[in-house]
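Only one structure is covered here, and it is reproduced in the block below.
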């Protein structure tokens with residue numbers, strides 16, 4: 001292995017420590033930031049996420065509010081809760097955990113969240129402001145990837161960046177962020193012809209496709225920086241055991257790349273840290289700081 | 001010359017003829033679409049644009065409203081007019097001609113326009129919806145480019161598209177539209193390294209940089225489709241005369257490309273035609289059609 005390992009876990013811990021200082025300062029002025037998380041239904045993965053979010057929210061000293069609603073909650077009841085949180089001055093960030101049950105229109109719920117409290121950055125107003133270069137709240141995972149890249153590389157201007165995957169949550173906002181940093185940005189996806197050749201042109205590769213170990217070492221330009229957003233559970237070596245792998249084949253890619261994020265411990269820890277970061281950002285903007 | 005010429009003037013005339021049929025059908029039901037154009041100040045180019053827009057609006061049978069305001073109009077007075085147009089049921093499209101005088105905050109004005117009437121597609125809600133794959137009103141020039149490309153090539157899926165230029169008005173929405181058509185999309189710009197090589201990888205080139213004849217023939221992959229958004233006035237052959245040229249060096253590029261838009265007569269006429277198209281689209285959506 002030649003690549004430097006990008007330690008997202010340590011970076012996220014450091015970011016949370018910095019946020020704790022800011023939160024303490026705001027709290028001392030009677031301006032403690034608050035994050036509300038709304039969970040509808042019993043999805044086990046969502047329950048774990050929400051528990052982790054709440055724990056880390058408290059850990060940095062913010063107010064944490066949880067609304068756990070039964071799976072048969074009506075859309076109107078959910079919208080009422082969102083509107084109440086919009087109006088609640090002690091709440092700076094609102095996160096409705098996805099996926100929502102099928103009888104609820106997700107887009108309607110997301111567009112009901114006050115864009116100034118939309119710490120997931122999914123409201124079209126925030127997506128549009130990001131795309132236009134205006135002050136926005138930015139989707140947490142791509143924001144975390146950008147922080148890791150800038151920490152590793154400094155200025156990204158002029159670098160060739162290839163984003164593999166075009167989801168609304170990662171790929172597309174990632175491309176906008178890299179473009180704002182003056183990268184030459186290529187968005188590749190399932191319809192891309194000769195994906196290995198496209199990836200091989202990249203100084204920066206962001207893989208966000210959800211396919212275990214798809215990006216191979218011989219797709220990577222020697223010395224490139226590789227950010228692996230994938231978190232895929234696959235069978236482990238021992239029968240009945242599983243393990244987590246990314247969208248990048250770490251064993252071969254780390255032999256070629258200049259720097260690479262591991263899975264786990266790379267991008268993963270950045271997502272919640274950036275959620276907290278966005279909540280502090282929203283709190284400061286709402287207080288005119 | 002080997003390239004087929006993409007006749008935007010003819011395409012736009014045909015689009016306007018189709019729109020005239022739709023407008024007549026709506027008008028017969030008492031639902032004539034209406035477009036309001038607001039011009040602040042005496043900018044000569046803006047005056048020409050507004051005159052052309054109004055003439056073509058009437059030509060397809062729509063209601064045309066013009067507000068010509070003095071250069072010293074206050075922002076509040078302008079916002080009042082926009083709000084009145086938002087509330088006016090006979091108006092389906094509102095266009096505030098840019099640039100606005102320096103004492104007016106352009107973004108505040110653009111964000112005051114009802115997104116459902118924002119036929120320029122500049123409101124962050126429309127930018128965000130375009131980027132998320134939701135129903136949006138899309139910036140006119142890139143929409144016109146996409147119409148020409150689909151007319152020429154049919155499906156664009158899997159093609160390599162390079163957009164040169166990252167403006168909010170053309171480059172960035174163009175990239176979103178091409179991505180939605182499943183192109184592999186690269187956004188290049190002034191910071192791009194080895195731009196000729198990047199352009200040479202493209203099956204589709206969209207040049208939108210505002211630099212006369214910058215893209216040369218030897219940058220073009222043989223057979224590629226070239227869309228030239230540039231409209232640059234440069235000195236002509238005779239002293240004191242000027243001529244219009246694009247961002248592409250037509251003489252050399254047309255010898256290599258498979259198809260190319262000329263300047264003038266390519267993308268230019270599509271912009272107003274797409275403005276009318278957006279107004280009819282907005283009118284139909286507002287009427288639930």
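Please read every residue number as a count from 1 along the shown chain.
Glycine is treated like the rest: Cβ placed from N, Cα and C.
TrEMBL: automatically predicted annotations, no manual curation.
Residues or ranges marked as domain 'Tetrahydrofolate dehydrogenase/cyclohydrolase catalytic' in TrEMBL: A:6-120. Across the range of the domain 'Tetrahydrofolate dehydrogenase/cyclohydrolase catalytic' (A:6-120), the DSSP-based residue counts are 60 helix, 18 strand, 37 coil.
In the domain 'Tetrahydrofolate dehydrogenase/cyclohydrolase NAD(P)-binding' (A:139-286), the DSSP tally of helix, strand and coil residues is 56 helix, 30 strand, 62 coil. Look at TrEMBL and you will find A:139-286 tagged as domain 'Tetrahydrofolate dehydrogenase/cyclohydrolase NAD(P)-binding'.
The Cβ of residue A:231 (NADP(+) binding site) lies under 8 Å from the Cβ of A:244, A:246, A:263, A:264, A:268, each on the same chain and at least six residues away in sequence. For A:165, A:166, A:167, A:231, the entry in TrEMBL reads NADP(+) binding site.
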Proximal to chain B - binding-site residues among A:165, A:166, A:167, A:231, CB under 8 Å: A:166
Integer mean pLDDT for the domain 'Tetrahydrofolate dehydrogenase/cyclohydrolase catalytic' (A:6-120): 97
For residue A:165 (NADP(+) binding site), nearby residues of its own chain (Cβ under 8 Å, 6 or more apart in sequence): A:171, A:188, A:189, A:206, A:207, A:208, A:209, A:210, A:229, A:247
Span of the NADP(+) site, taken as the largest CA to CA distance across A:165, A:166, A:167, A:231 (Å, rounded to a whole number): 16
Least surrounded among the binding-site residues, given as A:166, A:167, when other CB atoms within 10 Å are counted: A:167
